[in-house]
Amino acid sequence: MLMITSFANPRVAQAFVDYMATQGVILTIQQHNQSDIWLADESQAERVRVELARFIENPGDPRYLAASWQSGQTNSGLRYRRFPFLATLRERAGPVTWIVMIACVLVYIAMSLIGDQTVMVWLAWPFDPVLKFEVWRYFTHIFMHFSLMHILFNLLWWWYLGGAVEKRLGSGKLIVITVVSALLSGYVQQKFSGPWFGGLSGVVYALMGYVWLRGERDPQSGIYLQRGLIIFALLWIVAGWFDWFGMSMANGAHIAGLIVGLAMAFVDTLNARKRT
């Protein structure tokens, strides 16, 4: 996704978003210190910038007021507003993000129908030396989740962070982060608890570390994570380590994933700074 501009007045931001929707361009608003306007389809960036310049010159033009009225009264060109949650899901998620989400859901359904152990026998980290050449096992543990809260929590973060990485940096970058963090976080976790674990959280922590540090060191990348959220991630690791909530957490995977993400972001930002 590409951030187009920011407005201090959220109503002005909404007026521009409404008008562009009538032109067939879908923009989204994210509220931070100001109302940030984001574009999912970057091929339309130049067109949006031209329209933005016109809008800034005369935001009170009747066509903008008409577009705002239309967004509240009709469906023409603005049906996305009836289902903003679904529209946001589509706009923020690329193919890799969706494939992983669907795989997690399908595996969760299978575990609910035929039992956790049956699925784990096929997807868990190698639990016997004879299985060490079944290469998929070093990665497929990320698809297994053991409760509804477990999968919802992980998929929400995966969509939010993985989608941003894929939209801004490409599917290849998301694949690399996912594969490397799945392998290394899984390796560390099996040293902590043995092979019977699962979940996307090691990868999620890698994405947290990557997005946060990449945003801090390379703001032009267009990805960022609020510092409050990275603090939350660290507190969650501490809570899991000391078992404050009485829940079984993959602490080794969380710590390893976070370190992997930070390291990858550091390397990538070094390369970016060398190019500039």
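Positions of Cβ are set from backbone N, Cα and C atoms, glycine also.
Listed in Swiss-Prot for this protein:
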type	residues	note
ACT_SITE	SER201	active site, nucleophile
ACT_SITE	HIS254	active site
TRANSMEM	94-114	transmembrane segment
TRANSMEM	142-162	transmembrane segment
TRANSMEM	169-189	transmembrane segment
TRANSMEM	192-212	transmembrane segment
TRANSMEM	229-249	transmembrane segment
TRANSMEM	250-270	transmembrane segment
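Here the CA atom of the residue listed as 'active site, nucleophile' lies 6 Å from the CA atom of the residue listed as 'active site'. Ranking 94-114, 169-189, 192-212, 229-249, 250-270 by CB pairs under 8 A with the transmembrane segment (142-162) puts 192-212 at the top. Around the residue listed as 'active site, nucleophile', the C-beta neighbours below 8 angstroms that are at least 6 residues distant in the chain are ASN154, MET249, ALA250, ALA253, HIS254, GLY257. Only residues 6 or more beyond the boundaries of the transmembrane segment (94-114), in the same chain, are considered here, and those with a CB under 8 A from a CB of the stretch are 123, 142-146, 151, 154-155, 158-159, 162-163, 166-167, 171, 174-175, 178, 200.
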